[in-house]
Amino acid sequence: MSFNYSSIIDEHLSRDDPLFWSRPTPVNCNTIRIMGILLCIAAFIGIVLNGTLFYSFIRYKALRSPPNIFIMFIIGMGLFASCTILPLTGTSSIYCQWLYKRTGCQLSAIVAFLYGCSSSYLLCGASLSRCYIIIRPFQARYITVNKCIIISCIAIFIAFIWTILPVIGWNEYTMEGARTSCCINWYDRRTSYVAFLFFLFIVVYCIPLIILIIFNTITMLGLKRMREKIENGIQTIFNRKRIEMEGRVLKNIITITSGFIFTWTPYAVTLFVSAFRGKDYAIPPMATFFCACFAKTSVIWIPMFYVATSTQFQLNFINRGALDQSIGTKRIDTAA
């Protein structure tokens, strides 16, 4: 099913005109309003989940292992996104029009773009560090927390460069078809705009996806070979318990990666297809709106998957939290 965007986009209305940013949604308002309520709920859940996880990383040193450093940065970015893009899009959807003018639109789009791009690169960093530890166990000591922090900062900086390009003129941030959220301008057919979308699809989605698939596969095969060596009685630097632990960590990374790919792929494919078909035969705005909202909810799925699959987090945060509470209760009883 295609849609003619010429019917809802006034190309003669300047971006500097406040009317451009305040027109009501051209699609069913009731559906948009329901999605807005769900996005506001998702914002609250995202703040609680990401805030709790970020607190646990700060408090418990045992959680700050090299691969977890990348996850910590993703959680931090998710907390920032939960406080910005979801409330802005959610409240605008409830009122069936964008409420925050041009500045709010650019802020929302920049944060969403930065979060999605940096998350894909940080997940690559987590997968690469785990692969290096498994394939080269004698050199695992070179994968330190400080190095992972530096690599994470570099990944976010690179993501920031891609994010700032539309601000300085290569493409632009503008309203999506439903007019209650903002994104890259994917319906403009100018060569530079289409070139940016193609570049974006390759360097932010395709290349990280290939890296994640290749290195997670290599890591799984490496663990499998380690298990076979132990079963055959061959001594390795890894014992069975260590292999089980590494397997759980790998499962955690793969689960988080799968969740990220699952939430962002529909949106990436939708925009890519719409961009190359043009505004006259693009995917309907309601479909792109649903895909965009689903992608933005990755701020709650990623921490949720981490909590569900990370034995290390459960032992260090949940169990220690209960222990701290128990110790506090005993101290009160003693004082009384």
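From the backbone N, Cα and C atoms, a Cβ is placed for every residue, glycine too.
All annotation found in TrEMBL is predicted automatically rather than curated by experts.
Note that the structure is a prediction, hence the values are computed from the model and not measured.
Range with TrEMBL annotation transmembrane segment, chosen from 173-191, 249-267, is 249-267. Counting residues 6+ beyond its ends, the transmembrane segment (195-223) has Cβ neighbours under 8 Å at 116-117, 120-121, 123-124, 127-128, 130-131, 134-135, 159, 162, 165-166, 170-171, 184, 186, 243, 246-247, 250, 253-254, 257, 261, 264, 268, 271-272, 275 in the same chain.
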